[in-house]
Structures are given as structure tokens and as C-alpha cells.
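Data block below; observations after.
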Amino acid sequence: MADEAIVNASGTDSPAVHDGAGADEGVRRRDFINIAAVSFAGVGGLAVLVPLVSQMAPSADVLAESSTEIDISQIAPGQAIKAVFRKQPVFVRNLTPVEISEADKVPLSSLRDPQTLEERTKPGKTNWLITMGVCTHLGCVPLGAGEGEVKGEFGGYFCPCHGSVYDTAARIRKGPAPKNLEVPVYEFTSDTVVKIG
Amino acid sequence: MSFPWAKHYKPSHPLMQWLDEKLPLPRFVYNAVGAGYPVPRNLNYMWNFGVLAGVCLMLQIVTGVVLAMHYAANSGVAFDSVEHIMRDVNWGWMLRYAHANGASAFFVVVYIHIFRGFFYSSYKPPREMIWLLGVTIFLLMMATAFMGYVLPWGQMSFWGAKVITGLFSAIPVVGTPLQQWLLGGFAPDNAALNRFFSLHFLLPFVILGVVILHIWALHIPGSSNPTGVEVKTESDTVPFHPYYTAKDGFGLGVFAILYCTMLFFLPNALGHPDNYIQANPLSTPAHIVPEWYFWPFYAILRAFTADFLFIPAKLMGVLAMFSAILVWFFLPWLDTSPVRSGHYRPLFRKFFYLLVIDVLVLGFCGGSPAETKYVLISQIAATYYFLHFLVILPIVASIEKPAPLPFSITQAVLGKDDQTAPAA
């Protein structure tokens with residue numbers, strides 16, 4: 001298309017080739033060249049934006065760190081540990097039977113982000129509550145996983161930044177956070193090892 | 001430039017004449033901040049703060065460029081490089097304190113400048129564009145200050161970055177990918193630190209560009225003044241130089257005394273001790289607060305604790321926080337009173353002082369822990385804040401009976417105006 005137009009345009013010197021539409025009709029062959037040139041430059045300019053925007057996204061090495069293995073054999077019931085996944089804390093918590101029954105007796109309709117403990121854990125491993133340690137409000141690390149930390153009035157986690165309170169299934173119960181603590185993708189590779197990511 | 005009686009630049013030295021022909025830069029300065037710019041004769045000290053803001057910007061650029069020569073924007077060494085500046089670099093401690101306290105000084109000056117604009121309605125025609133550019137400068141300042149605060153890579157730096165970029169995750173659908181794109185990762189890390197450094201270096205020069213537009217737009221109608229009455233004749237004005245260069249110079253001296261008091265005697269008074277602890281992604285400080293100049297807006301962010309209609313509380317807080325500044329863009333069209341100065345608007349004046357108190361209350365709540373009582377006060381104060389701009393200002397403009405305006409600036413100053421007073 002473009003080549004053809006250029007050939008025609010360069011041929012206008014010859015009297016044998018009539019300048020197509022003529023100036024009086026308002027559209028000239030040169031207009032086509034102008035539009036084609038500006039369009040190509042515009043598309044090219046926009047294409048340059050792709051790498052400029054994309055370079056901001058997580059790089060390959062950051063993405064490569066997105067899976068982690070955790071040994072859970074040392075976590076007694078009632079205890080929790082903080083691990084690191086994607087440079088963010090993960091809470092691995094071994095729930096006691098009391099904590100499980102507390103989570104189970106909450107009516108779903110009363111929850112802001114309704115989910116049962118069973119939906120948030122693996123079948124047969126209901127006691128292993130594995131969630132991100134990242135408050136769904138603005139990303140602080142809630143308290144409650146470490147030894148002696150405040151667990152909040154629902155016995156789960158408490159975020160000191162803006163006062164979000166999570167229950168024993170790490171579900172949001174009170175405060176500004178909109179969602180339950182996120183459950184990452186994970187699997188039990190054996191009875192004592194969890195692979196997150 | 002702005003008035004026909006403005007003095008003209010006449011270089012006497014042959015070198016200056018030669019320069020004026022080739023590149024009339026001295027002429028430009030003469031017309032901008034020299035004797036060639038006629039200014040109302042009645043400006044009070046509230047009119048010092050534009051020049052002071054310019055001084056603060058230059059102070060920040062000079063100290064910032066020097067600090068960048070010693071700082072390393074890598075999450076492994078950033079914290080240590082700041083301590084290296086504090087302990088080992090010659091005069092490094094002073095330069096860093098000058099830069100950190102310079103940011104606070106800049107915001108003090110700019111807040112007074114903005115509230116001067118509120119009281120004297122500097123945003124009204126024909127000065128809307130100056131106002132819009134000013135609000136743009138303020139937004140750029142906030143972005144620059146936020147990114148600068150991340151650079152020392154202390155606990156407050158890290159968690160400030162996490163919370164503020166977390167605001168973007170409130171946006172439906174694209175929120176979380178957007179946050180990851182801004183950070184270049186899943187949490188603030190080296191990628192985020194590096195890009196914040198790059199932008200923190202760039203944005204002050206963008207601000208400088210918008211400041212030049214701001215002053216350019218100012219020189220078209222000329223400066224406003226405390227009566228709000230437009231300049232009519234030459235007797236209403238004096239040349240900027242020497243009259244206001246002298247007055248601004250005196251103000252600058254007072255500013256320098258206060259600034260140096262902070263810099264040399266209270267350098268950490270406005271900072272947070274937690275920021276002298278290196279960033280730890282696994283432990284959030286017990287009490288995260290932004291720097292004081294963000295407190296009023298932070299209080300508005302936290303004021304939303306329950307979902308509003310179908311909008312989640314978190315998104316609502318974010319929208320409200322940004323709206324609190326964006327509403328300023330509409331100010332020239334919300335306040336429809338033809339009278340500018342608060343001196344002649346008895347009802348408006350009362351609401352102006354209420355707004356000042358309201359913003360101070362918001363600031364106090366924003367700096368306090370997220371406890372129920374402070375959140376409740378924030379909710380009331382945030383509601384009033386928006387009522388002021390969106391409801392009270394338009395109503396006051398329509399029901400208020402303003403006090404009589406002086407005929408001219410000269411009459412306001414001298415009590416009589418021989419040249420222009422109508423035959424009475």
C-alpha cells in the first residue's frame with residue numbers, strides 16, 4: 001500500500017500521470033502520505049511505550065523467588081511461625097481444637113468476607129491455617145503469630161496500624177480491612193513440609 | 001509587562017546591551033522580579049510566602065543534589081549510606097538535616113501560601129490558572145516528599161511505602177497488579193527503592209518547571225492584594241524592586257532564623273525514631289504515621305471504617321483522601337462571590353477560621369493512633385472539611401452581604417485617592 005502510494009506520488013512530475021483527485025476536490029495524494037507517515041510514527045511511538053511501561057513490572061529475579069518450602073514439624077498446637085514468601089510474611093499456624101470450634105461456630109452471614117475455616121484450609125488438615133501475614137487494609141503485618149503478641153479480641157490476629165481484627169480462621173471481623181487474610185497457593189509435599197507458591 | 005506604566009529595562013553598560021540583544025535574560029528577570037514588575041502597594045506579610053516557597057525549593061534542590069553524591073539507592077546499603085552521610089561525610093549531618101527539615105519548612109511555607117489563597121480568594125478570576133498550577137505543584141510536592149522519605153530505608157520509610165502503595169490496591173480489578181507494577185515486586189524492595197530515588201531526583205525539576213508556569217500565569221493579571229480590589233492606576237502600585245525585594249528579604253531573614261533553630265537545635269523533632277531502625281519487612285512498627293505534613297489527609301483516609309453503599313471502606317478512604325485535594329481544583333467555581341478578600345466578607349471569614357481549626361483537628365487526629373475516639377473526631381472533621389468546600393462556600397457566596405469595598409488600593413492605603421475618586 002505505502003510503496004504503491006510513494007511510486008504514484010513520485011510519478012506526479014510526469015504530465016502523463018494526472019494528480020488523482022486534484023486540489024479542488026480537497027483530497028490529494030499527498031494527504032495520504034501525510035496520514036500514512038503520521039500513523040506509522042504514532043504507532044511506532046506507542047510501541048516504544050510498551051517496554052517503558054513493562055520495565056516497571058516485577059523483574060525475573062523477583063518472580064523467581066515466588067515459591068518457598070517450610071518445615072512445620074516443630075510447630076506445636078496453639079503456636080504459629082512467620083515465614084517469608086515473596087519478601088512478605090506468611091503465617092503458619094497450628095490451631096488448637098478450641099480455636100477450630102470457635103471458628104466453626106461463627107455464622108457465615110455475620111462475616112464481612114464469608115468463608116468457612118474448611119474453605120481456608122486443606123481437607124484433613126483443618127488445624128493448619130496458612131495465610132499471608134499482610135493486612136488486607138494497607139499491608140501492615142498483623143500481630144498474633146509471634147510469641148506473646150496481642151491476638152485481638154477474636155483470638156486470631158490484630159493489625160496495630162489501623163485496628164483491623166481477625167479471628168482464629170484469619171477472617172476479618174472488625175476494623176477497616178475489606179477481606180480475610182489471603183490464603184496463598186500451597187500444598188503439603190509431606191506431612192511436615194509445606195510448599196508455598 | 002502587566003501594566004502600561006511598568007518601567008522598561010534600559011541596560012547602560014555596553015556588555016549588558018550586547019547581551020540584551022542576543023539573549024534578553026536580564027530583561028526577563030527585570031520584568032519578573034525587578035523594577036519592571038509593578039505590584040500593589042498594600043501587600044502584607046502574607047504575600048511573602050511565594051518567594052519563600054521558591055527559596056525552599058532551591059534549598060531542597062541544592063542539598064538534595066549534594067546528598068545524592070553520597071547516597072546509594074540499593075536496599076542492601078541505603079540505610080548504611082545514610083548513616084555514612086551522618087557520621088563520615090564532611091558536613092554530611094548538616095546537609096541531611098537541612099534537607100529533612102527543609103522539606104518540613106517547604107510544607108509550612110506552602111500551607112501558609114495556600115491558606116493565604118483561601119482567605120483572600122486568590123483563586124478567583126482572572127487568577128484561576130495560577131491557582132490550578134499551584135494545586136498541581138502541591139500534588140507534585142506530596143509525591144516528591146513521600147518518595148524522599150522512603151530513601152533512608154528505615155522502618156518508617158519501608159512501612160510508609162507499603163501503606164501508601166497499598167492505597168492503590170483499593171482500586172477495583174486493577175488495584176493489586178497496579179500496586180505490583182508501581183513497586184516492581186510484591187512488597188517494597190530494591191526495585192521500588194531505585195525507582196523512588198530516580199523519581200525523587202526528577203520531580204523537583206518538574207516542580208521547578210510548573211513554578212515557572214505559575215509565575216508566568218501570575219504576571220499576566222499581576223499580583224492580587226489584601227483588599228482584593230484590582231489595580232486601577234500607577235498610584236496603586238510600586239515596583240517589585242526595591243520595595244518587595246526588601247520586604248521579602250526581611251521575611252527571608254525571619255524564616256532563616258526559625259529554620260536554623262530547627263536545623264541546629266531540634267533536627268529530629270519532626271522525625272520518627274523508628275526510622276533509625278533499618279527496614280524490616282517482617283515487623284511493622286507499633287504506630288505508623290506519615291510525616292506531619294500528611295496528617296490531615298491521613299486522618300481523612302482513616303475516617304472511613306464502614307462500607308458506604310456498594311463502595312468498600314478502604315476504597316472510600318482512598319477516594320476521600322485524594323478528593324480532599326482535588327476539590328481545590330474546583331474552588332474558583334465553587335466560591336462564586338464577586339468579592340475576593342476575606343476582610344470584606346464577614347460570614348466567609350468566620351467559616352475560613354473554622355476551616356483552619358478543622359484542618360488542625362484533622363492533623364492532630366492523623367498523627368494520633370487509630371483509636372476509636374480519634375477516628376470519630378476524624379469522621380466529624382472530614383465531613384465538615386468537604387461541607388466547607390462543596391456546600392458552605394457556594395451558600396455563603398449567595399447569601400452574604402459583603403462590607404463596602406474601597407474605591408481603589410490607593411484609597412485603602414491613604415484614605416483618599418485624588419486621581420481616581422469619583423466626585424463625591
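Including glycine, each Cβ sits where the backbone N, Cα and C put it.
Any TrEMBL annotation is an automated prediction that lacks curation.
Residues annotated as domain 'Cytochrome b/b6 N-terminal region profile' in TrEMBL: B:15-227.
What TrEMBL records for B:230-407 is domain 'Cytochrome b/b6 C-terminal region profile'.
Annotated transmembrane segment per TrEMBL: B:49-73 (among others), in sequence order.
What TrEMBL lists as transmembrane segment is B:93-118 (among others). Same-chain residues lying 6 or more positions outside the transmembrane segment (B:93-118) and placing a CB less than 8 Å from one of its CB atoms are 46-47, 49-50, 52-53, 56-57, 59-60, 63-64, 66-67, 82, 85-87, 131, 134, 137-138, 141, 145, 148, 255, 258-259, 262-263, 267, 270-271, 291-293, 328, 352, 355-356.
Per TrEMBL, transmembrane segment is recorded for B:130-151 (among others). For the transmembrane segment (B:130-151), the residues of the chain that approach it from at least six positions outside its boundaries are 64, 71, 73, 78, 82, 103, 106-107, 110, 113-114, 117, 122-123, 157-158, 160-161, 164, 188, 192-193, 196-197, 199-200, 203-204, 206-207, 210-211, 213-214, 217-218, 290-291, 293-294, 325, 328-329, 331-332, judged by C-beta separation under 8 angstroms.
Sequence annotations record features per position, and here TrEMBL assigns transmembrane segment to B:163-184 (among others). Taking Cβ pairs closer than 8 Å, the transmembrane segment (B:163-184) reaches residues 146, 191-192, 195, 288, 290, 301, 312, 314-315, 317-318, 321 in its own chain, all 6 or more past its ends.
Remote same-chain residues near the transmembrane segment (B:196-217) are listed as 32, 54, 57, 60-61, 64, 68, 71, 73, 127, 129-130, 133-134, 136-137, 140-141, 143-144, 147-148, 150-151, 161 (criterion: CB distance under 8 Å, separation of at least six residues from the stretch ends). Here TrEMBL flags B:196-217 (among others) as transmembrane segment.
Under the heading transmembrane segment, TrEMBL lists B:249-266 (among others).
Here TrEMBL flags B:308-331 (among others) as transmembrane segment. Tertiary neighbourhood of the transmembrane segment (B:308-331): same-chain residues 114, 123, 131-132, 135, 138-139, 142, 167, 170-172, 296-298, 300-302, 382, 385-386, 389-390, 393, selected by CB-CB distance under 8 Å and a gap of 6+ residues from either end.
Within the same chain, residues 115, 118-119, 287, 289-290, 292, 294-300, 302, 342, 377-378, 381-382, 384-385, 388, 392-393, 396 sit at least 6 positions outside the transmembrane segment (B:351-370) and bring their C-beta atoms closer than 8 Å to a C-beta of that stretch. Marked as transmembrane segment by TrEMBL: B:351-370 (among others).
What TrEMBL lists as transmembrane segment is B:382-399 (among others). If you look at the transmembrane segment (B:382-399), the same-chain residues 6 or more away from its ends with a CB under 8 A from one of its CBs are 299-300, 303, 320, 323-324, 327-328, 330-331, 334-337, 345, 347-348, 351, 354-355, 358-359, 362.
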* Would you kindly list the residues that approach the transmembrane segment (B:249-266) from elsewhere in its chain, counting only those six or more residues past its ends and only Cβ-Cβ distances under 8 Å? => 45, 48, 51-52, 55, 94, 97-98, 101-102, 104-105, 109
* To do: Compute the average pLDDT of the predicted model within the domain 'Cytochrome b/b6 C-terminal region profile' (B:230-407).
  => 92
